[in-house]
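Student: Take this structure first; my questions come after.
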Amino acid sequence: MELPRYLRRPPIRTFALRPLLIPLPLLAVLTLAVIVVHADVNTALLFSQCHARSRLPSVSWIPGLGATLCFALSFFQLALASVRSWAVMAVSLSFLAALLTITIVESSRNGSRPNWLLRRLMLLWLVMNLLGGSIIWQLLIVGSFMLQMGREVRFNPTNRRRRLRHASSASSSSSSNDEESAALAAAAAAAEEEEEVEPEAESLTAEEALERKLRRRHLETDADAVAIPDAVALGFVLPSILMLIYNTPATIGLWLLFPIWVSLFRRAAKTAIHSLQPRLFPSRRRRRSAPSSNGSHRRTLDLESNRPALALVYLVPVVCSLAAHIHWIWSLTRRDDRRDLTKSTITIIEIDMAFMGVTTLYWLLVEAGLKVVLAVLGVTVVLGPGAGVCAGWYLREKAIRKGHEEDVELLYGRQSSGGAEGAASEQTPLLQ
């Protein structure tokens, strides 16, 4: 028996957005509760040593921030103090590399350009890494991206409500259209909540509406295909490798500030590429490109349709995930050499990463559906969580584009058998 359309589609295209955001603060509260329950006296004693300036005296004597900075450096230093915990940290870092990559990709899309918070993504990552952990991931980062996708899913709600209501009332008289009526009623209820109107949408044809939606999924500039992997590799992966190899306060401090390095390397790479492109490819100056917000012109990039660029962007986190996953499996064959302080610190990191993973799976469930979540879990078992996230993000983008096509089809009607598109007036039934 086939499921109704409103159950086959991702929840963000069927239900109102606000109820879908409720699990995020609940996950944040649950994360904090689990960490408090599992935090033992060793963690408190570690901070007491830093506060008493008996641990890392060169750092703990800094006025104001000394004790906190000493605790952060000592925390990660202890978490890397055994073979088993080192392997867990490697997997966690590869997972963070994947999350960093997909969030930079999403913030670089045309649809995210008006969002003030997403334009300052690295600031959110800095706060998350220094202070909030997975709680910042759940409340600010994932929440902001879900709100942005909710806005992107909508298309001219005023006209949409009128058509959906008319189509729903027209199809309710026919018993053969019960499934479609349920889908339309659910979509109309979701549209009722939103009041934002896109002023140009009234006059768009079906092809223009679909093109406009898909263009919002493009990266703002083709330079991001090189700038993003460069920034992740040099700004995050390199400090992570240095921290794993040397495990000193200096390398840990360098890693803690990785959002700053990622931002700097990305800006430098984009500046270099933009300055070199006219010299290496003079013909590109004459090609038409999309206008930016300041009136200039730039070349956008459809990442998912460009296989070399797609492979380049996700290569670094996938390779790191596979290497860390293999090493973690090998570590399970060795004796557990963790001491009490190491167990205390690595347990908190494991809890933090686990809830970040659950939140990411929920994000994928809302925007792409259950099949994508199951695919992510399958890839994670084989290649590690970082590769699972990257694979899931590719499938998520395919689901988003398919959803855009279905939305336009629902709004404008299906094409006739002769290939001509039917006019979608107020008197034209939406479902034929």
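Here the Cβ of each residue, glycine as well, is placed from N, Cα and C on the backbone.
I grabbed these lines from TrEMBL:
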- 20-39: transmembrane segment (TRANSMEM)
- 59-79: transmembrane segment (TRANSMEM)
- 86-105: transmembrane segment (TRANSMEM)
- 125-147: transmembrane segment (TRANSMEM)
- 252-269: transmembrane segment (TRANSMEM)
- 309-330: transmembrane segment (TRANSMEM)
- 345-365: transmembrane segment (TRANSMEM)
- 372-395: transmembrane segment (TRANSMEM)
Student: Using a Cβ-Cβ cut-off of under 8 Å, list the residues of the same chain that are 6+ residues beyond the ends of the transmembrane segment (59-79) and lie near it.
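Tutor: That would be 43, 46-47, 49-51, 53, 85, 89, 130, 243, 247-249, 252-253, 255-256, 341-342, 344-346, 349.
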Student: Short question: which residues 6 or more past the ends of the transmembrane segment (20-39) have a Cβ under 8 Å from it?
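Tutor: Beyond its ends, the transmembrane segment (20-39) has Cβ neighbours at 11-12, 133-135, 138-139, 142-143, 146-147, 344, 347-348, 351-352, 355, 358-359, 362, 366.
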Student: Thinking of Cβ pairs under 8 Å, which stretch from 125-147, 252-269, 309-330, 345-365 has the most of them with the transmembrane segment (372-395)?
Tutor: 309-330
